[in-house]
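Asks: I'd like to ask some things about the structure below.
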């Protein structure tokens with residue numbers, strides 16, 4: 001027996017079919033959701049009092065409906081249709097708000113809320129839009145370098161997993177790059193994942209670089225739409241190595257050119273301003289037309305003065321692109337004549353010359369026994385004090401370490417010379433006898449006494465300085481005696497004697513010998529006296545000349561006066577004679 005369907009059920013079924021076909025409603029309403037979030041769609045219908053149930057459906061691309069959720073107003077129960085893509089993802093609230101968890105791109109559909117009464121069906125459509133933020137763009141497949149004046153692929157800017165697809169923009173130093181024929185070419189490509197329906201967008205940039213692009217940052221960005229509107233994400237900056245040809249060559253000298261001296265090692269370094277810099281060059285040495293192929297450095301060892309000249313380097317393939325420099329190898333020669341150890345006799349003449357040859361003006365310093373001399377030594381008559389160690393030293397101040405020195409060890413020899421002096425002590429009880437000796441090598445002194453007498457003290461000797469020293473004894477002779485002083489060195493033996501009266505007999509004392517220092521003082525005083533005398537003589541001579549000129553003029557004047565007086569007297573005598581004749 002067939003079941004009977006009530007008239008009200010038949011009416012509801014007809015209304016649902018007609019609602020599915022006619023799709024009346026309140027108009028379009030859009031819900032934006034982020035990928036992976038929960039989509040919340042309010043029903044947007046006022047719930048009628050005689051509501052029987054509510055349903056949600058979505059429409060396929062061909063317009064056919066697919067029911068997904070049902071809620072009864074009387075039984076307060078919820079039922080979800082067996083739709084695989086929405087299994088365990090749906091939630092229908094009491095106010096008929098539908099929530100879809102874990103939003104997917106496939107959820108981007110037209111959903112419809114349906115409220116059904118016994119006599120009517122009310123619909124409210126909702127359009128769902130799902131957005132997926134893309135990954136941060138990155139520049140991949142980067143060119144290891146870019147060459148000037150060549151259109152070359154710089155790299156790819158890629159942004160993954162976006163929905164809808166984004167738009168990529170390239171920037172140079174923060175400014176947008178636009179396609180320019182022959183200079184900038186941009187190729188855009190997008191791909192969609194069949195499973196996730198997400199887009200991967202790629203933009204390839206071909207760029208013709210110039211030297212102005214050195215250290216310039218390149219970036220890219222992706223612009224996309226999200227639930228709240230348009231947004232942009234930027235990549236990290238990338239700086240590319242720019243290759244460009246060498247336009248200028250420079251040459252450097254190590255060590256610095258003004259400090260090169262004989263014996264140094266010179267390194268020539270040639271540099272090109274290209275990138276990458278040239279690795280090989282041609283080096284040209286003075287007087288050698290053929291170049292030497294080498295790396296960017298060329299070293300000359302133990303250079304001599306003949307290495308002075310012009311040096312040049314050039315590119316291997318462009319000989320006209322070259323650089324040159326002038327190198328001066330500083331030198332310093334010193335010749336001392338005589339040098340080494342020289343033995344001369346006292347009174348001899350010894351010319352000494354220190355000859356300098358240098359690349360620049362050199363300073364010359366003379367030292368004697370480590371004491372600086374005011375002038376170079378000159379020996380017209382050698383003295384014992386001239387003996388010593390002489391050093392001629394020269395240096396170039398501008399060149400560190402360039403100095404030379406030669407030494408002369410002068411030995412002044414002489415036979416012993418003796419002078420004896422005596423002096424009575426003011427007390428009158430003793431006499432001091434001194435034997436002054438000159439000579440080199442140092443003579444040995446011996447005393448002998450002839451006659452009776454006694455030696456009060458032992459022999460006393462002075463220091464041996466500049467070939468001189470003395471020996472003295474103190475005696476108190478009771479009678480006249482003769483003292484003999486003997487001085488002997490490798491050259492000769494010299495003897496001198498001195499008669500000394502008894503202590504009771506007064507006698508004339510002989511002055512001590514003048515020391516070198518006192519002799520110099522005496523010489524200085526003598527020079528001063530001679531200068532004063534010469535000055536006085538010159539003054540007297542000038543005064544005499546002046547006096548002679550004065551007297552000469554005076555005599556000339558007196559002659560004229562006497563002549564006039566004589567003429568007057570003669571005239572007077574003639575007149576007197578005339579008077580006598582007349583008488």
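Note: Cβ is positioned from N, Cα and C throughout, glycine not excepted.
Here Swiss-Prot flags 1-27 as signal peptide. Swiss-Prot lists 28-120 with the feature domain 'Ig-like V-type 1'. The topological domain 'Extracellular' annotation in Swiss-Prot covers 28-527. Per Swiss-Prot, the feature disulfide bond maps to 43-113, 157-220, 270-313, 354-392, 435-485; the stated evidence is sequence analysis. The domain 'Ig-like V-type 2' annotation in Swiss-Prot covers 125-234. As annotated by Swiss-Prot, domain 'Ig-like C2-type 1' applies to 245-328. Residues or ranges marked as domain 'Ig-like C2-type 2' in Swiss-Prot: 333-409. What Swiss-Prot records for 416-501 is domain 'Ig-like C2-type 3'. The transmembrane segment feature in Swiss-Prot is assigned to 528-549. Among the features that Swiss-Prot reports, topological domain 'Cytoplasmic' is placed at 550-583. For 562-583, the entry in Swiss-Prot reads region 'Disordered'. Residues or ranges marked as compositional bias 'Basic and acidic residues' by Swiss-Prot: 569-583.
Show me how these features fit into the shown structure, please.
Replies: Long-range Cβ contacts of residue 113 (disulfide bond) within its own chain (separation 6+, distance under 8 Å): 41, 43, 44, 45, 54, 55, 56, 96, 98, 123, 124, 125, 126.
Remark: residue 157 (disulfide bond) has 137, 138, 139, 140, 168, 170, 202, 203, 204, 205, 220, 222, 235 as non-local neighbours, by Cβ distance under 8 Å and separation of at least 6 in sequence.
The secondary structure of residue 313 (disulfide bond), as reduced to three states from DSSP, is extended strand.
Non-local neighbourhood of residue 354 (disulfide bond): 334, 335, 336, 337, 364, 366, 376, 392, 394, 406, each in the same chain, at least six residues away, with C-beta under 8 Å from its C-beta. Under the three-state DSSP scheme, residue 354 (disulfide bond) falls in the strand class.
Taking H, G and I as helix, E and B as strand and the rest as coil, DSSP gives the domain 'Ig-like C2-type 3' (416-501) the counts 0 helix, 54 strand, 32 coil.
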Asks: Looking at Cβ-Cβ distances, which residues of the chain lie under 8 angstroms from residue 270 (disulfide bond) while being 6 or more apart from it?
Replies: 249, 250, 251, 252, 281, 283, 296, 297, 298, 313, 323
Asks: Compare 28-120, 125-234, 416-501 by their Cβ pairs under 8 Å to the domain 'Ig-like C2-type 2' (333-409) and return the stretch that comes out on top.
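Replies: Out of the listed stretches, 416-501 contacts the domain 'Ig-like C2-type 2' (333-409) most.
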Asks: List the same-chain residues at least 6 positions away in sequence whose Cβ sits under 8 Å from the Cβ of residue 435 (disulfide bond), in sequence order, or say none.
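Replies: Residue 435 (disulfide bond) has long-range Cβ partners 418, 419, 420, 445, 447, 470, 471, 472, 485, 487, 496.
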Asks: Average pLDDT across the topological domain 'Extracellular' (28-527)?
Replies: 90
